[in-house]
Amino acid sequence: MPFRLLIPLGLVCVFLPLHHGAPGPDGTAPDPAHYRERVKAMFYHAYDSYLENAFPYDELRPLTCDGHDTWGSFSLTLIDALDTLLILGNTSEFQRVVEVLQDNVDFDIDVNASVFETNIRVVGGLLSAHLLSKKAGVEVEAGWPCSGPLLRMAEEAARKLLPAFQTPTGMPYGTVNLLHGVNPGETPVTCTAGIGTFIVEFATLSSLTGDPVFEDVARLALMRLWESRSDIGLVGNHIDVLTGKWVAQDAGIGAGVDSYFEYLVKGAILLQDKKLMAMFLEYNRAIRNYTHFDDWYLWVQMYKGTVSMPVFQSLEAYWPGLQSLIGDIDNAMRTFLNYYTVWKQFGGLPEFYNIAQGYTVEKREGYPLRPELIESAMYLYRATGDPTLLELGRDAVESIEKISKVECGFATIKDLRDHKLDNRMESFFLAETVKYLYLLFHPNNFIHNNGSTFDSVMTPHGECILGAGGYIFNTEAHPIDPAALHCCRRLKEEQWEVEDLMRELHSLKQSRSRAQRKTTSSGPWEPPAGPGSPSAPGKQDQPREKQPAKQRTPLLSCPSQPFTSKLALLGQVFLDSS
């Protein structure tokens, strides 16, 4: 008998008082200008609270009005919020924070850091801010965007992550010590997203710096996951990076897998890579065949396709936005509306929602102010202009302000049923949630540029066009200008080709000149002098050879750890009770 979902009727909904700007009796859409200002006020309430109470710690604890380090002691909220400042139009604070980060952030520290989180938040945040620096009025150095202090910081942070990729499979460990590399005894089990979420940042870094190592390791990790898919075309949740064997075999689109699929699409667009898009489309067919039921997506066993968990996870709410990027608007809207009904039921998205029962899952009732549903609303509103999407933005603003706003910022909602709060404000609240809300209500923001305006920048390699639009958001909502990838790497390669050609022509001209002189002399003609003769061209006249990649350090061997997980969500493992 086919699996069917029974959606209960009469769901209890959360109704919050609406401010001026909400739809009236005539059904008019929320006023974007009104909510844009509300969102801006939300940002500064949270941002100012972080600066006053938590800096230089990573994140704010809004209930106790202090700070704590969470992902590595990077002043993470400041890095994550930097490009949001520019999107909100605050160039002076952007410039100030750039100076603060240069003076205060140090990656040469004895800290165990998440490879995934450091990449998306730190490397991604620094790259985005680097590429937006000129627009923000920062006095950039000669050679920008192919050089600059924020680019050097991003490269330094990324190099600290490279030891994690030194495995027999090329798939990285989940944690690395920034000073010593991978710790002996580090578990080799990594989630799928922790392996496949590097191509956007690392390809950008390789393009800007000219060092291919970053893009190379990211592509290898992607390919190893692709080669590890099951016969029915699905990938699991956790894999052993030493052996390549799947440890958690639940397949879905949510936690532990999500941004792998996201980066296949965004990497394909950023790099104009048909192979990456073909990989995603193949996965998409398998996902629709085995996990898609009544416009919901369930978790299934990766080898058999049988349902293992009939739940919706809040992290899955990015999927309609991703569908919009490949033009699948109808399916995206239907799934979005399912997710929106959950929001209306609780005033937020619980981490886990049992679809068949129509209620939260025990111990997964919280909402840490995640951005994914708002992200999808922004993408779909750009594609359709459907006012329903603005209504989600309105509901998000009203819910977050009503439930989670406290004196020192905005607190994680520990339980959506009774609105209990937790003492944490994740950095992604300022990096993603507020940013996507603002962009939803700001159709004329420079991020939405359709190519009608752009900036022309002269680099050592020629003219470069920037700021024409088409920004690619990494999974932490840090926008990358795709045009920047053609400012440095490609032009450098073309310059080398021209230099090589000029050297060859110069060498040929010298040879002919010598031949003519010898022909007019009494002696017979002789061939040009060989490389070992004094008259031979020096090294500077030889064609440029591509430099080999730097030799990798020896593989770091780690003892295999016992691991009997059912599923892991952001590092928290749910053990199989059997």
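Just so you know, glycine gets a Cβ as well, placed from its N, Cα and C.
Taken verbatim from TrEMBL:
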- 1-21: signal peptide (SIGNAL)
- E117: active site, proton donor (ACT_SITE)
- D258: active site (ACT_SITE)
- E351: active site, proton donor (ACT_SITE)
- E372: active site (ACT_SITE)
- T475: Ca(2+) binding site (BINDING)
- 508-562: region 'Disordered' (REGION)
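Taking the Cα atom of each, E351 (active site, proton donor) and E117 (active site, proton donor) are about 19 angstrom apart.
Rounded to a whole number, the distance between the Cα atoms of E372 (active site) and D258 (active site) is 11 Å. Taking Cβ-Cβ distances under 8 Å and a sequence separation of 6 or more, the neighbours of E117 (active site, proton donor) in its chain are W71, G72. The two recorded residues, E372 (active site) and T475 (Ca(2+) binding site), show a Cα separation of 10 Å. Non-local contacts of the residue listed as 'Ca(2+) binding site' by the CB criterion (under 8 A, 6+ apart in sequence, same chain) comprise I120, G124, T197, V200, D258, S259, E262, Y263. Cβ neighbour count for D258 (active site): 25 (other Cβ atoms within 10 Å of its Cβ, all protein chains included). Of all Cβ atoms in the protein chains displayed, 23 besides its own lie within 10 Å of the Cβ of E351 (active site, proton donor).
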